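Chemist: Sending over a structure as structure tokens; questions will come in a sec.
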């Protein structure tokens, strides 16, 4: 159990049956590395490299907390391994960091473990990564990509041929995706090219027709690709058997040899970028002839005159009956851990960790090099490193508490992202209501309030808004909102685009998907959980007219536990209204006699991957081929199973050995075990002109709903609705006998 700390530190001391342990350098074992710790860790690694290796210069890529074992964390917090039992005795937790860096001269990559002993960080291990394994692409490397293309004579010459000056050149650096023509050990990016006519003008309105490939280590352009173009079908084409009535300027969608003249092979003319501006900033919009902002939008304020209902202590957030740890992670963005609910004095664990573990955005155009566009925005770049600094009154409304984040720069210093996680409360409509319709009957209405933990991340052209929301009835919701600017490519006049949408003259947005992998590390009433698959079925073997089902209306719910790893990859079945539940077989509801659990409600977010099962992107993103994966968690020196497409994603060429597809094999027992769930949710985006120049938000929602978990509705104690600030919008037109009435109780 926790005891007050008498030392100057704000950390908490821990007592065990053998006496007090020394005061740890953290309040919570999952607190992320502070900026000072990142710098100290970098110093330790740099000193080790200088003294004990032949490496002359390094680039830090990642530096983050290596989390302690689950059982140690739960013991520290006094959370039992099974509800109703005593917590495990606390053990000493050594704070550790994990660092990835590359040799700035030859590009070799290394992984390092650093541990805090007393006041000093000490390198425990340095491991060279296998040939071709690349850590994530850093923010600085993405910016470096633009510098490299502007300094390249061939790029400047190609741009000049279509009327673009060097200072107008811009590039979004992307991971190369997959291109087997280049050596595995070269750290490369593809540069998606645009022109910009003014300082803040929308550069995506002016796509260019060629794609350089850059080496981040040598800082050079090593190749330039030219996509072919389409025209209306005039003769038999390579698409003849597909039903797509177009012809391509080349004979194959495969990439040409590197030693071939890519421009000549593409068999096409140069396409100048579209000239028209399509701006979104208000000062630039106001210069547009005939444009006028709406003047009939009245102010709408979120007011909490008595303050907020949540409390924050460092990274620990408490709101009504909820308690959780909220942290910034350079890769996942937000990571929410040790989620518990106080059920009338019984503190019940629900999730050990909830986060976004991966995502992929595969594009539909088959002609080279467009298939390389299948960004893994988590594994290749990191949601945290791409997170915004949020603005009060803009990104978040009402009374707001912010948390900062920090990640490592190339030089080992900490990059601090202020106000990157927003915590606030929102009205969420009615929580429950009932009216006795009889004469003289009464009504009761209770409004729902939710706690929102939000982060917004910008991945070049696109924005993702992540909301983790907690409700008064025990629900937990993960909401993803998608906005920003579509990734576009230049289109010739009258050129058909069977794999995209013409948004404006000369601007083509390819069809694509956004597929997210939500990692759920459950501890529903304890660490030993089982996932049950439930199908809703018409009563089997009982046709209409039978004695068992005379009118044909009967149906049942049939649950099947997912027992072993080889059964862990599951498919959704709309015909059976399939759903899954995480249950604790040791906890039985007193009335329903069912196991306590949380049901996964995400039918509207289930989207199948459109790429073929043996495609490159399907191999690299195996998680996206199934809506649910259940695997056993296995903790090792580097923590548990975290990354469904592998720990190191850039430039992978197949299925990484340590990845979800391989975890879901064999005979690992999944019943009453420490299991993990990877839930795939997504959308297929067929762009429309209404998405241009900036896309209105699109919503994805995943709900975790308590099922047989509470004895009854846990929100019966929420006070009824009676907001005295609410009033008629048009008092003069409102019936005086009803317009001023408030809620009856």
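Residue positions begin at 1 at the first shown residue.
In case you wondered, yes, glycine gets a Cβ from its N, Cα and C as well.
The active site, proton acceptor annotation in TrEMBL covers 377. If you look up TrEMBL, you'll see 462 marked as active site, schiff-base intermediate with substrate. Residues or ranges marked as compositional bias 'Polar residues' in TrEMBL: 1-18. Per TrEMBL, the feature domain 'Copper amine oxidase N2-terminal' maps to 28-97. The annotation domain 'Copper amine oxidase N3-terminal' is assigned in TrEMBL to 135-228. Annotated domain 'Copper amine oxidase catalytic' per TrEMBL: 300-716, in sequence order. Under the heading 2',4',5'-topaquinone, TrEMBL lists 462. Under the heading region 'Disordered', TrEMBL lists 1-27, 720-745.
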Chemist: Taking just the CA atoms, what is the gap between the residue listed as 'active site, proton acceptor' and the residue listed as 'active site, schiff-base intermediate with substrate' in Å?
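Modeler: One finds 10 Å between the Cα atoms of these residues.
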Chemist: Fewest other Cβ atoms within 10 Å: which of the active-site residues 377, 462 wins that one? Let me know.
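Modeler: Candidates: the active-site residues 377, 462. Fewest Cβ atoms within 10 Å: 462.
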Chemist: Return the average pLDDT for the domain 'Copper amine oxidase N3-terminal' (135-228) as a whole number.
Modeler: 97
Chemist: Taking DSSP states H, G and I as helix and E and B as strand, how many residues of the domain 'Copper amine oxidase N3-terminal' (135-228) are helix, strand and coil?
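Modeler: The counts are 27 helix, 27 strand, 40 coil.
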